[in-house]
Amino acid sequence: MCWAVGRRWAWAALLLAVAAVLAQVVWLWLGTQSFVFQHEEIAQLARQYAGLDHELAFSRLIVELRRLHPGHVLPDEDLQWVFVNAGGWMGAMCLLHASLSEYVLLFGTALGSSGHSGRYWAEISDTIISGTFHQWREGTTKSEVFYPGETVVHGPGEATAVEWGPNTWMVEYGRGVIPSTLGFALADTVFSTQDFLTLFYTLRAYARGLRLELTTYLFGQDA
C-alpha cells in the first residue's frame, strides 16, 4: 500500500515538473515572438470611439486597423458575428485578427450575461465601447465596474467573475498561447449547448485568421 501511495506521489511530482518546464518553454517562446499589435495601441484606438453607437465605432475601428496593419485584418467577406458560450455566460464575437500568439476581436452582448472569465496562458485586455463591465477578482470580496473608454486587463493565470450589462460592447486584444484559450471558449458549446454549427463558425474564423497571417508572411501584404 505504501509503495502504491509513493508511486502516485511520484507521478504527481513528475506531472508538476513537466507542467513547470512546459510553462517556462512557452514563456521563452513568447519572448522571441514579433507581435503585430500592442495592448496600448488597441486600447487607444478603441477609446477614440468609446461612447459612439457600437456598430459605427466598430466600422471605424476596422478601417483604422486595416490602414495601420495592412495584411493583418480579415477582409469584410470573412468577418462574421458568432455566438460564444463559455464559463456560463453568452456573448458574441467578431474575429478581426488571429495567429498563434495574438488575436483582436470585437465582443459583446445585447442582453447582458455573467459567469467565469476562464484562466488562460495569455493576457487579455478589453476596452469598452458601450455598456458596463463588472469584474470580481479572485481573492477579493468586492467587485469593480468599468465604463466606456476604460480598459480591463486579465493577466495570465488569473480568474475572475464577469458580468456585462445589456448592450455592452468592447474591443478585445489577446497575447499569449492563443490555441490554449480555445478549450475554455468551446467547452460549453461542445458539452452544454451542443451547437456544433457555432463550433464550426468559431474554428473557421480562427482558421481564416491563421491563413491570412501565413499568406501575408509568405507573399507580403498585397497577396
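Placed from the backbone N, Cα and C atoms, the Cβ positions cover glycine too.
Among the features that Swiss-Prot reports, region 'Targeting to endoplasmic reticulum-associated lipid droplets' is placed at 2-8, with the record citing similarity to another entry.
Along the region 'Important for ligand-binding' (99-106), the predicted structure has mean pLDDT 98. The region 'Important for ligand-binding' annotation in Swiss-Prot covers 99-106.
Cβ-based neighbour count (10 Å, all protein chains) for ASP126 (site 'Important for ligand binding') stands at 27. Summarising the annotation, Swiss-Prot assigns site 'Important for ligand binding' to ASP126 (among others).
The feature site 'Important for ligand binding' is assigned by Swiss-Prot to GLU172 (among others). Cβ neighbours of GLU172 (site 'Important for ligand binding') (same chain, under 8 Å, six or more residues apart in sequence): MET93, TYR103, VAL104, LEU105, LEU106, PHE107, ILE124, SER125, ASP126.
What Swiss-Prot records for 31-223 is topological domain 'Cytoplasmic'.
Taken from Swiss-Prot, the feature transmembrane segment applies to 10-30, supported by similarity to another entry.
Secondary structure counts, DSSP: the region 'Important for ligand-binding' (99-106) has 0 helix, 5 strand, 3 coil.
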